[in-house]
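Written out below as structure tokens is the structure these notes cover.
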């Protein structure tokens with residue numbers, strides 16, 4: 001079996017908003033990498049045995065901060081790439097000088113490559129469009145570095161060490177705005193560091209299956225299956241690895257999208273022949289939510305009841321030793337970021353509410369090394385349907401936070417029908433994948449309408465569609481008026497409990513993506 005971790009890159013994080021992008025770009029050229037805090041222990045860096053090290057950008061100013069790259073980085077003899085702040089601290093630690101720029105530079109810029117021989121700019125045109133985001137700049141490179149690229153506002157746009165494989169760029173090759181950023185990353189990782197391209201879906205599947213078999217042996221494994229991307233891919237990889245040793249528990253809350261409960265059973269229980277226990281808990285959730293209007297209270301009730309029901313059912317499965325979860329790499333990084341110590345051991349991220357103490361199950365997280373886009377590709381490689389893997393994000397509490405105020409069975413059914421029409425038309429008009437998220441919201445207010453000669457006094461549905469890269473900010477989707485008119489007409493005509501449809505034109509900020 002191929003050792004997919006044999007050739008790897010270590011990324012030291014100085015707090016840049018783009019650090020995860022660096023990792024994703026490295027993995028896009030089929031090389032494994034991991035992110036750790038910049039102040040991780042020197043022994044850890046030494047023992048990690050990276051083929052190369054990348055120093056990320058960061059929000060600090062080098063000249064008034066004691067945040068520096070560990071000296072061990074420059075003593076190991078492996079190639080180093082400093083990005084933005086990473087370049088500045090590397091140059092400064094080698095006798096160069098960094099000062100505050102007269103003018104901050106944010107946005108696209110043209111750099112001129114002065115030297116592309118055997119470095120990060122190999123086989124690239126002399127003019128390159130890049131993305132700048134900095135307030136400081138290198139003013140003196142010192143005796144060890146030479147300038148290999150410059151721009152109008154950043155005379156030192158990139159540097160190379162005269163004797164060692166150390167490189168720095170003032171811009172951000174990891175962003176899509178840098179036209180040939182992927183080529184720069186590939187030049188560093190593959191050509192300079194000499195990494196073999198082992199990190200691909202076929203190798204990951206082979207590696208994961210072997211690791212799961214070795215770890216689990218003949219034990220039984222329990223998985224909470226929600227129908228979401230992560231738990232679905234975990235179910236598929238575990239089934240390939242251990243077959244009938246896996247039992248999935250699907251808690252049907254009644255708050256899923258239209259027919260989603262049946263679709264989950266169809267894909268996993270019927271087509272893939274996975275052992276799935278379906279728990280019809282619709283009435284329990286409705287009873288628990290009766291009279292509750294506060295959004296936060298609703299979330300807590302739904303989350304606690306879900307875990308309680310899962311625990312009840314899991315306790316009935318004899319000889320189960322493992323609890324599988326869909327923890328992914330961004331969860332792991334987030335957990336590490338919340339840990340203020342320098343420890344490089346990353347704490348577990350329990351995305352199903354944590355391990356119940358009395359169950360004493362060991363945790364199995366087959367996806368913890370993968371980003372979301374890698375999880376989706378893994379799912380395709382395992383034979384899961386494209387539309388299941390590339391659906392829009394869906395909140396954990398489900399429609400519970402898309403029905404404003406109290407949740408009633410009538411409201412759920414009304415929203416399911418309206419939301420399904422919106423989604424169906426987005427697919428029909430090839431708009432679904434042009435937006436990042438789209439859904440309906442049930443408003444518990446009534447509005448007068450006229451259908452035929454009949455006066456109707458029924459509920460209002462709000463349609464929400466946004467475009468976003470990271471979901472931290474979002475713009476409302478500028479869907480065609482004809483399309484919105486069609487969707488509105490269908491909902492009012494086909495869903496008898498709705499008399500009016502409105503479209504949400506609020507960005508984030510000031511609004512949030514979900515209404516509750």
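Positions of Cβ are set from backbone N, Cα and C atoms, glycine also.
Predicted-model confidence for the domain 'Glutamine amidotransferase type-1' (8-198) is 93, expressed as mean pLDDT. Per Swiss-Prot, domain 'Glutamine amidotransferase type-1' is recorded for 8-198.
Following the DSSP three-state reduction, the secondary structure of residue 84 (active site, nucleophile) is coil. The Cβ of residue 84 (active site, nucleophile) has 16, 56, 57, 58, 133, 134, 169, 170, 171, 172 as same-chain neighbours under 8 Å, each 6 or more residues away in sequence. The feature active site, nucleophile is assigned by Swiss-Prot to 84.
The active site feature in Swiss-Prot is assigned to 172 (among others). Its Cβ placed at the centre, residue 172 (active site) has 24 other Cβ atoms within 10 Å.
The active site annotation in Swiss-Prot covers 174 (among others). Sequence-distant neighbours of residue 174 (active site) (same chain, 6+ apart, CB under 8 A from its CB) are 18, 21, 22, 24, 25, 83, 181, 185. Reduced to three states, the DSSP call for residue 174 (active site) is coil.
According to Swiss-Prot, the feature domain 'GMPS ATP-PPase' maps to 199-391.
The ATP binding site annotation in Swiss-Prot covers 226, 227, 228, 229, 230, 231, 232. Cβ contacts within 10 Å of residue 229 (ATP binding site), excluding its own Cβ and spanning all protein chains shown: 22.
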DSSP-derived structure type at residue 226 (ATP binding site), helix or strand or else coil: coil
Cβ-Cβ distance under 8 Å to residue 227 (ATP binding site), same chain, at least six residues away: 250, 256, 260, 261, 263, 264, 388
Which same-chain residues, if any, lie at least 6 apart from residue 226 (ATP binding site) yet have Cβ under 8 Å of it: 250, 251
Assigned conformation of residue 232 (ATP binding site) - DSSP reduced to three states: helix
In the chain carrying residue 232 (ATP binding site), residues 6 or more apart in sequence that have Cβ under 8 angstroms from it: 225, 267, 268, 379, 384, 388, 389
